[in-house]
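Undergrad: There's a structure below that I have some questions on.
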Amino acid sequence: MKLWFPYFLAIVFLHALGLALLFMANNASFYAAASMAYMLGAKHAFDADHIACIDNTIRKLTQQGKNAYGVGFYFSMGHSSVVILMTIISAFAIAWAKEHTPMLEEIGGVVGTLVSGLFLLIIGLLNAIILIDLLKIFKKSHSNESLSRQQNEEIERLLTSRGLLNRFFKPLFNFVSKSWHIYPVGFLFGLGFDTASEIALLALSSSAIKVSVVGMLSLPILFAAGMSLFDTLDGAFMLKAYDWAFKTPLRKIYYNISITALSVFIALFIGLIELFQVISEKLHLKFENRLLSTLQSLEFTDLGYYLVGLFVIAFLGSFFLWKIKFSKLES
């Protein structure tokens, strides 16, 4: 527990700082934007790129006998650094540009949401293909009660292929030998396309409500707080799961199927909701169907709570399913 303490202390500080800046802004209409910023940060912890990067780095450092406790935290700090810097720059730039382009706020908000939604759908579909391949291997190993060397190599190839940015920056992992070395990798991940669209949303929110500089700073800080909390918890869970999951090949593939399935679901679910909400709003669509009307009015704050609860249930369900149905294959 002592090894985790400095990281969780830093996370508590980020939460306190973000909330303090938010309350100092003294603008109740800004609370929704702050909730959205926190949820967007938390959402990233469940992105396929984040999961794959943290997973691969922890696996590498653990196999080398090195301390991997700070991987999730330093990765999120690298990613958040881009968001903090660019949100501040973008907010000031947008405030200036809005005087010359009155439609910028509306157009930018729509474009940002569309880009984010489409990107999530693409990532979700790419990882769904990988998930199908993992399930095929698991089915074969389930029937044969073992994994061949070729199947193990195929699993490794699939796991390192999860996430678009993870594929692109894969060579950088060779230079990571300590937890803090993942910070620049996280920074590069922060330059990704989906992050750019979210920066635009945060900047537009602060500019639209005409909040003070203090309030504007609360958005990227809360974004960083949400991301660092769940990325660090992700790393903690993976370190614990590593001891359990990688003792046998079957556990390894089952664990990664569970993780990949969750990342596919969240990418497709949030992407579809983002696109559905912006399209229905612009077309002024009204739905009598209860489900569609609920999705249309669903707040991202509520969505964040639902997703966190869903992940807890899914992880527990996955663990007990293994114990009940598949653990006998290890004997």
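Note: Cβ is positioned from N, Cα and C throughout, glycine not excepted.
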Undergrad: Looking at the candidate ranges 213-233, 234-254, report the one that Swiss-Prot labels transmembrane segment.
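TA: Result: 213-233 is the stretch Swiss-Prot calls transmembrane segment.
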Undergrad: Report, as numbers and ranges, which residues of the same chain sit near the transmembrane segment (3-23): CB under 8 Å and 6 or more residues beyond its ends.
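TA: Same-chain contacts beyond the ends: 30-31, 34, 38, 67, 69-70, 73, 214-215, 217-218, 221-222, 224-225, 228-229, 232, 236.
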